[in-house]
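The annotation domain 'RNA 3'-terminal phosphate cyclase' is assigned in TrEMBL to 12-335. The ATP binding site annotation in TrEMBL covers 103, 291, 292, 293, 294, 295. According to TrEMBL, the domain 'RNA 3'-terminal phosphate cyclase insert' annotation covers 193-277. Among the features that TrEMBL reports, active site, tele-AMP-histidine intermediate is placed at 317.
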């Protein structure tokens, strides 16, 4: 058996991302790992429900030998097998983020031996994680540049504290990932700006419109703006509101920003704040926003050939993702400063999915 690789879960970001990236790469590359000191710096160290379900989901997908996987555990061992297609259910049973379940499972599903259906249940629009709408409108579009696609169906939204959301994701495995260049040196500018906002529970839909109008108030008038506002009629138990702004920028990538409503904050002012932040993003020359930045690292690591992305300040999550990729996959990333911005470059592994035939 291949020697087990030890991963320190307390370094850098010191949270769930180390675990997610370690388990994904372990399953794909067939490298057994032991992750120690899981979330050691957090107020409640060890595995929370969403981390546990994510590990168990990937373990089921690749028939792994898994030990130490229980709530509160700070040390797990994961010995992967072959990634199998099929339908898999992961129900966090809290408002833990389904987007984070998707983060750990999607790279593995792309390298399965046949199509994968993921039924992910938990929180769809919750704090401390990308909203599922961000994953659909921004992450999913950027992923297409690697030659990877998935379809999704939003069955039900779920919010803090009860969750109850359900998203179904369908993935067709691929042979390999393409290297990417996310850089718009030749031209810059959004084609248009989308603003989407929602409310749920007892909140009136006018709050969604106030948020959207506040955001629009800060968008340069030269950009066409399209607004969509909804009230979630399925979910009435807890109040929630949120907003998402995004734009294709003409080079095959999409940049965006999302936020949840915060307590009694004036909705119009909250919208203005996110609109201001989005305009800063548009007025920069980056091709990846800060939330997409770290999510691209695992795909750059596995891709065939050189990848280069132009982004802003390197986030701690991105530094963590790079550290795990270099530790497990032995790829080398280079960060090249460009004023206040940065280029991230990587010569990918050129990983080939031998589980499927080339014509699959």
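Every residue gets a Cβ built from N, Cα and C, even glycine.
Heads up, TrEMBL stuff is auto-annotated, nobody curated it.
The number of other CB atoms found within 10 A of the CB of residue 291 (ATP binding site), across every protein chain shown, is 20.
The residues near the ATP site, meaning same-chain residues not in 103, 291, 292, 293, 294, 295 whose C-beta sits within 8 angstroms of the mean position of the site's C-beta atoms, are 130, 139, 288, 290, 296, 297, 317, 318, in sequence order. Taking only the Cα positions, the spacing between residue 293 (ATP binding site) and the residue listed as 'active site, tele-AMP-histidine intermediate' is 9 angstrom. Counting every protein chain shown, the number of other Cβ atoms lying within 10 Å of the Cβ of residue 293 (ATP binding site) is 22.
Rounded to a whole number, the C-alpha distance linking residue 291 (ATP binding site) with residue 317 (active site, tele-AMP-histidine intermediate) is 9 angstrom. Within the same chain, residues at least six positions away from residue 103 (ATP binding site) with a Cβ under 8 Å of its Cβ are 20, 24, 54, 295. A gap of 10 Å separates the Cα atoms of residue 292 (ATP binding site) and residue 317 (active site, tele-AMP-histidine intermediate).
Within the model, the domain 'RNA 3'-terminal phosphate cyclase' (12-335) carries an average pLDDT of 92.
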